[in-house]
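Peer 1: One structure follows; several queries about it will come next.
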Amino acid sequence: QGGSESKDAANAVLNFKLAENQPANNPISKGMLMFAELVKEKTNGTVLIDVYLDAQLGNENETIDQVQIGALDFARINTSALASTADEVGVFTLPYIFTSNEHKYNVLDGAVGQGVSDSLKKYNMIGLEYWEAGSRNFYSTKKPIKSVADVKGMKVRVQQSEVAIKMVELLGGAATPMAYGEVYQGLQTGVIDAAENDFVSYYTSGHYEVAKFYSLDAHMAPPAMLLMSQTSWNKLNDSQKQAVREAAKEAAVWQRKAMMDFQNESRAKVEEAGCQIFEVDGKAFQNAVSPIYDMYPQYKSIIEKIKAVN
Amino acid sequence: MTNGILILFGSLIILMMLRFPISFALGVASLFTATYLGIPFFNLFQKMATGITSFTFMCVPFFIIMAQIMTDGGISDRLTKFSNVLIGRVRGGTALVNCVVSMFFGGISGSSIADVSSIGSFLIPAMIKEGYDADYSIAVTCTSSVEGVIIPPSQNMIFYVVAAGSGLSISTMFMCGYLPGLLLTASLMVCSFIIAVKKKYPISEKKNWKENIVIIREALLGLVTILIVAVGIVAGVFTATEAGAIAAVYAFIVTTFFYKTMNMRKLMVCLLKSLKTLGTIMAIIATSSAFSYCLAYLKVPMLVASGLLSISSSPAVVMFLMILLMIILGCFMDMGILLILLTPILYPVAMSFGFNPYHFGLIMVLTLGLGLLTPPVGTSLWAGCAIANMPIEKVIKGFLPFYLAYLVVLVLIVVFPSIALFIPMSLGYAV
Amino acid sequence: MNNNQKILMKVRGYFDKFIQAERYVCSVILIIVTLITFVQVVMRFVFDAPFSWSEEVTLMFLVWFGYLCMAIDIYTDDHAALYFLYNRLSPTLRKAADLFRHGLLVWFFAEMIKYGWMLTKLNLPKPQPATRLSQGWLYAPLVVGGALMLVYSLVNFVSTVLKPRSEYQRDADRPKTIDEVTVERGGTV
Ligand code: NA
Ligand code: NA
């Protein structure tokens with residue numbers, strides 16, 4: 001009887017779970033569903049992935065823990081959330097680290113991205129591709145941010161993260177960490193003068209209704225990663241591993257483009273609603289925050305490598 | 001899946017029937033279900049830790065401390081005298097005072113039981129002495145005490161916002177409570193007045209104006225806490241959590257330096273009393289996070305939604321059924337627990353039927369508030385009976401007209417969402 | 001009263017003192033949290049210079065507060081519960097229900113310690129965003145609170161084993177105070 005069980009196990013279908021915190025209409029969620037579909041196809045149905053959207057399996061920090069311990073198979077995580085677990089990815093969350101979108105993907109798809117991804121092994125995780133999660137820009141209520149001088153004295157809501165707080169301080173603003181749900185009222189009542197996010201969140205949160213000035217400074221563009229638990233990875237045979245990697249590659253290529261389109265759609269909608277969008281001199285902003293790079297000596301050599309990529 | 005749901009709810013009910021703490025019954029039922037479904041325990045205990053780690057939830061201890069300091073510092077006595085100055089000189093005056101004082105007290109405390117046990121402890125005997133019927137006196141006191149769970153600050157609204165877990169704003173939720181709170185007060189006053197006229201209940205004595213000035217000044221000092229919460233949040237000067245902390249500090253200052261009823265030793269007693277309430281709440285918030293995880297995993301909200309949809313696709317019918325469910329469950333369990341338990345199930349259902357999240361929150365709080373007044377488990381009802389030392393059978397008849405007045409308000413608010421949403425909308429908040 | 005019960009009385013006496021100390025610790029945490037939040041508003045409102053760490057620190061206190069505070073009610077065995085069936089049971093069945101409750105809680109808290117420890121260990125190297133304090137502090141209350149509650153439940157279990165049925169009968173016949181009635185009606189807030 002024991003023999004037949006082990007034979008079953010060899011042909012057994014692997015059922016995995018994937019945690020995504022965004023709703024179904026977001027391109028990143030669609031990318032995850034596509035990934036699951038491709039994995040099924042490429043493994044002839046031997047690896048099945050159930051995608052749980054809307055943070056049903058927990059928020060990003062919770063799902064990272066679960067992946068590390070092997071209680072969850074996959075989680076799609078933004079690198080800004082991952083940085084507290086894996087310090088290595090923190091370099092991608094530094095302000096103005098990427099000079100353009102092209103530069104960003106040359107870095108991530110090249111040796112630098114590969115190296116960082118490989119470093120996740122020591123946290124019991126496998127990194128599967130870098131995914132697009134939008135570029136964050138400032139938006140303000142009373143006056144537009146056209147130059148660094150405009151930020152001076154502004155109360156800017158930032159995410160509860162050291163890098164974001166320091167960045168705003170270096171630009172001369174007062175960094176005000178605040179729960180996301182309170183930002184709309186904060187902007188409206190003047191508790192804060194500005195906040196920052198990508199076009200999609202700017203639109204879907206309704207912040208564009210109360211903060212009409214949006215400045216394209218692109219201070220941060222941290223990518224997302226698809227993480228797989230090492231424990232689950234070890235259950236795959238070589239051809240399945242290959243299939244999972246290929247599926248991630250294909251889905252990520254599609255997702256990056258879809259996310260860009262989605263950003264542009266949101267941009268069109270806020271423009272239609274009467275928001276003004278300002279081009280700014282990114283170089284000046286970059287110079288203002290450049291001391292931040294010295295605060296993270298551990299990234300010194302990798303920053304050099306990133307700068308060397310064109 | 002069906003088996004999982006059976007295990008989850010079956011073990012929960014059995015455990016609760018055997019006097020298991022409701023909080024840990026939620027936890028143990030989740031572990032049983034996880035064992036059956038193969039969910040790692042790791043995920044559940046993670047939820048039990050992160051469940052309390054919510055900045056939104058932090059205002060609960062603050063508001064509870066604030067209310068405890070004010071109550072122990074004698075605010076209920078001062079508010080009652082104040083209400084008496086305002087409205088005592090009409091027929092059934094003390095009954096109307098009872099309704100109005102609960103509105104003011106509600107702006108300080110979110111606890112209906114605290115209202116009954118502090119205000120009721122002297123108003124119920126006073127009313128009976130003045131010649132009001134005992135069942136009427138208890139009914140006025142208990143029903144009006146529910147005003148406090150709708151008028152901010154309201155722990156129950158916070159439970160709703162936390163349990164809904166989708167970035168709702170406490171401030172907006174609070175703003176939705178003021179008009180319905182006023183409406184409920186008005187409705188109960190009309191009800192009390194009609195009965196008072198019919199039964200020829202007495203008019204209170206007149207006080208001289210010198211006394212009145214002292215009364216008004218002391219009461220207004222206490223009522224500033226309402227302004228801290230209302231103005232602070234509306235004007236965006238601070239968040240609900242911060243308002244709680246400021247109000248608590250203010251309450252301590254007023255009671256210590258102006259009322260001279262508080263000192264460090266008494267403050268410690270206040271805090272120790274709050275621990276009793278907070279221990280239960282913290283445990284329930286923690287374990288219900290694990291329980292909600294199982295609910296979501298088993299897709300219970302979706303099943304409930306499709307079940308309701310199979311009965312009727314009309315939002316009105318679905319709303320009616322949900323309210324009916326809440327009223328029935330409200331007879332058997334306390335409202336705070338039910339809010340934490342039912343919100344993860346009913347909130348997604350209500351959203352899928354297109355209800356406004358804040359409007360629905362108010363409906364839930366108001367409907368479950370009725371459960372405080374209905375036997376067999378009606379905390380405020382029992383507290384009222386205990387104070388008057390009356391058996392419940394002799395009291396319940398007096399409640400019937402007040403149930404009706406309460407239901408009228410509930411129906412009005414369900415039918416006209418703008419009663420709840422008017423204030424936040426006119427201030428331009430996203431609802 | 002036999003010898004075992006005398007020892008138990010003495011042990012419970014020590015525990016009562018410890019619980020009282022725990023209550024004071026909880027109260028002090030409440031004061032600290034209130035003051036931090038209060039000062040935070042003053043800093044922002046008056047000095048336009050809010051602390052970036054206040055939210056993180058208060059949350060950490062809140063989790064510790066929560067797990068210490070819920071432990072107190074485990075010892076006194078008066079967490080909100082439903083009594084309407086329990087009060088109708090015979091003394092023997094009530095004793096059985098009590099043993100079942102305390103026993104199951106012992107198991108639950110043992111699991112809490114085990115997984116709390118896993119979570120703490122996993123999060124120890126992870127810094128919190130603003131203060132850079134270890135995230136392990138957010139999960140350690142599960143271990144500490146779990147350990148306290150495990151011990152309290154064990155004490156309650158042993159107390160129940162030693163409690164004679166006659167005492168159950170006396171409990172049922174005794175008139176109840178308003179507070180007791182409130183607890184038995186499942187009151188929370
Ligand atoms: Na209230
Ligand atoms: Na009243």
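Including glycine, each Cβ sits where the backbone N, Cα and C put it.
From TrEMBL, for reference:
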DOMAIN    B:9-419  domain 'TRAP C4-dicarboxylate transport system permease DctM subunit'
TRANSMEM  B:51-71  transmembrane segment
TRANSMEM  B:181-198  transmembrane segment
TRANSMEM  B:219-238  transmembrane segment
TRANSMEM  B:244-262  transmembrane segment
TRANSMEM  B:274-298  transmembrane segment
TRANSMEM  B:304-329  transmembrane segment
TRANSMEM  B:336-355  transmembrane segment
TRANSMEM  B:361-388  transmembrane segment
TRANSMEM  B:400-423  transmembrane segment
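Could you give the neighbours, burial and distances for every feature on this list?
Peer 2: Within the model, the domain 'TRAP C4-dicarboxylate transport system permease DctM subunit' (B:9-419) carries an average pLDDT of 89.
Counting residues 6+ beyond its ends, the transmembrane segment (B:181-198) has Cβ neighbours under 8 Å at 90-92, 95-96, 98-100, 102-103, 106, 136, 140, 143-144, 146-147, 150-151, 366, 401-402, 404-406, 408-409, 412-413, 419 in the same chain.
Taking Cβ pairs closer than 8 Å, the transmembrane segment (B:244-262) reaches residues 58-63, 65-66, 69-70, 72-75, 78, 108, 153, 218, 221-222, 224-225, 228-229, 232, 238, 270 in its own chain, all 6 or more past its ends.
Among residues of the same chain six or more beyond the transmembrane segment (B:274-298), those with a C-beta under 8 A of the stretch's C-beta atoms are 1, 4-5, 8, 12, 21-24, 26-27, 29-30, 33-34, 37, 39, 43-45, 47-52, 57, 60-61, 64-65, 68, 111, 155, 159, 162-163, 165, 336-337, 340-341, 344-345.
Same-chain residues lying 6+ beyond the ends of the transmembrane segment (B:304-329) with a Cβ under 8 Å from its Cβ atoms: 338, 342, 345-346, 348-350, 352-355, 363-364, 367-368, 370-371, 374, 410, 414.
With a threshold of 8 Å between CB atoms, the same-chain residues lying at least 6 positions outside the transmembrane segment (B:336-355) that come near it are 22, 26, 155-156, 159-160, 162-166, 281, 284-285, 288, 291-292, 295-296, 300-302, 304-305, 308, 315, 318-319, 322, 326, 329-330, 364-365, 368, 371.
Same-chain residues lying 6+ beyond the ends of the transmembrane segment (B:400-423) with a Cβ under 8 Å from its Cβ atoms: 139-140, 143, 146, 175-180, 183-184, 187-188, 190-191, 195, 319, 323, 356, 358-359, 362-363, 366-367, 370, 373, 431.
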Peer 1: With Cβ-Cβ distances below 8 Å as the criterion, list the same-chain residues six or more beyond the ends of the transmembrane segment (B:361-388) that contact it, or say none.
Peer 2: 112-113, 115-117, 120-121, 124-125, 128, 134, 137-139, 141-143, 145-146, 149-150, 154, 156-157, 160-161, 164, 168, 173, 176-177, 180, 184, 319, 323, 326-327, 329-335, 338-339, 342-343, 346, 395-396, 399, 402-403, 406-407, 409-410, 413-414, 420
